[in-house]
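TrEMBL annotations:
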- GLY10, ALA11, GLY12, LYS13, GLY14, THR15, ARG123, SER132, TYR133, GLY203: ATP binding site (BINDING)
- THR31, ARG36, GLY57, LEU58, VAL59, GLY85, PHE86, PRO87, ARG88, GLN92, ARG156, ARG167: AMP binding site (BINDING)
- 123-158: domain 'Adenylate kinase active site lid' (DOMAIN)
- 30-59: region 'NMP' (REGION)
- 122-159: region 'LID' (REGION)
- 129-159: region 'Disordered' (REGION)
Amino acid sequence: MRLILLGPPGAGKGTQATFITQEFGIPQISTGDMLRAAVKAQTPLGLEAKKIMDAGGLVSDDIIIGLVKDRLQEDDCRNGYLFDGFPRTIPQADALKEANISLDFVVEMVVPEENIIERMSGRRVHPASGRSYHVKFNPPKTPDTDDVTGEPLVQRDDDKEETVRHRLAVYQEQTRPLVDYYSGWAQSNDAAAPRFHQIQGVGSVEEIRNRIFAILKK
Ligand code: AP5
Ligand code: ZN
């Protein structure tokens with residue numbers, strides 16, 4: 001299984017990625033998680049990326065494409081992969097195509113902006129694994145504690161309302177065009193085109209999971 005989860009910040013990509021990667025035994029390739037790990041380790045990339053991420057902008061295509069290509073060389077990608085938060089621009093999507101990196105599905109999660117603001121303000125994350133919770137909609141078993149490791153949960157630096165609004169604007173401008181890119185490709189005669197599906201991302205975490213699985217297991 002090789003797929004892209006496409007959708008705005010806070011759509012639930014990371015939340016659903018956990019279920020899909022478990023079900024199909026594939027790794028989650030989240031460029032956001034990779035960048036946050038670089039920030040934490042204070043690598044040169046991390047130091048550069050932190051400023052951009054805190055402002056809600058996008059890290060340069062060259063850096064991201066290099067990161068993803070390196071990641072795909074690792075052994076665990078042999079049976080497939082789930083891209084979360086990548087590609088995010090047309091040049092990133094073109095880079096995948098030009099490198100003949102095959103895809104079975106592109107699934108777009110559609111969530112209105114008002115739901116997104118509410119989701120981001122209550123989000124808590126486990127930095128080491130990237131696991132996401134919500135104080136109201138998807139609470140951990142013990143408040144502010146990761147269910148798996150028992151370690152503390154934190155708020156992301158880019159989840160302030162002002163930054164979230166900027167991230168949404170960047171999504172509309174730079175990432176939303178990928179919907180036409182992939183739906184157009186799916187309708188063409190190209191046998192290499194991935195299937196494109198849109199799902200409504202509002203509902204319980206379980207309901208959304210069932211909607212996605214219905215598509216992937218057809
Ligand atoms: P990234 O980490 O990719 O962030 P994002 O795309 O903005 O998406 P989020 O992680 O915020 O949301 P999500 O869809 O994963 O939602 P989640 O499941 O957590 O990128 C961060 C930054 O890194 C970017 O701004 C950019 O600077 C840089 N970057 C990353 N990739 C890049 C690239 N390819 N190119 C350039 N720059 C890049 O859910 C959100 C909340 O909602 C949680 O609290 C969750 O519990 C809750 N929730 C989930 N599902 C539901 C539900 N059904 N109902 C109610 N609440 C729910
Ligand atoms: Zn995420």
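Using N, Cα and C of the backbone, Cβ positions are placed for all residues, glycine too.
Shown on the structure are the features that TrEMBL records.
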{"residue": "GLY10", "record": "ATP binding site", "CB count, 10 Å": "27"}
{"residue": "GLY14", "record": "ATP binding site", "CB count, 10 Å": "20"}
{"residue": "THR31", "record": "AMP binding site", "CB count, 10 Å": "22"}
{"residue": "GLY57", "record": "AMP binding site", "CB count, 10 Å": "16"}
{"residue": "VAL59", "record": "AMP binding site", "CB count, 10 Å": "19"}
{"residue": "PHE86", "record": "AMP binding site", "CB count, 10 Å": "23"}
{"residue": "ARG88", "record": "AMP binding site", "CB count, 10 Å": "21"}
{"residue": "ARG123", "record": "ATP binding site", "CB count, 10 Å": "22"}
{"residue": "TYR133", "record": "ATP binding site", "CB count, 10 Å": "22"}
{"residue": "ARG156", "record": "AMP binding site", "CB count, 10 Å": "18"}
Among GLY57, VAL59, PHE86, which are recorded as binding-site residues, the nearest neighbour of GLY14 (ATP binding site) by Cα: PHE86
Assigned element (helix, strand, coil) containing GLY14 (ATP binding site), judged by DSSP: helix
DSSP-derived helix, strand and coil totals, residue by residue, for the domain 'Adenylate kinase active site lid' (123-158): 2 helix, 12 strand, 22 coil
Listed binding-site residues adjacent to ligand 2, that is, members of GLY10, GLY14, GLY57 whose C-beta is under 6 A away: GLY14
Mapped DSSP class for VAL59 (AMP binding site), helix or strand or coil: coil
Residues among the binding-site residues THR31, VAL59, ARG123, ARG156 that border ligand 1 - Cβ under 6 angstroms, in sequence order: THR31, VAL59, ARG123
Distance, GLY57 (AMP binding site) to GLY10 (ATP binding site) (CA atoms, angstrom): 15
Confidence summary (mean pLDDT) of the region 'LID' (122-159): 95
Spatially closest candidate among GLY12, ARG123, TYR133, the listed binding-site residues, to ARG156 (AMP binding site) (Cα to Cα): ARG123
GLY12 (ATP binding site) and THR31 (AMP binding site), distance between Cα atoms, whole Å: 15
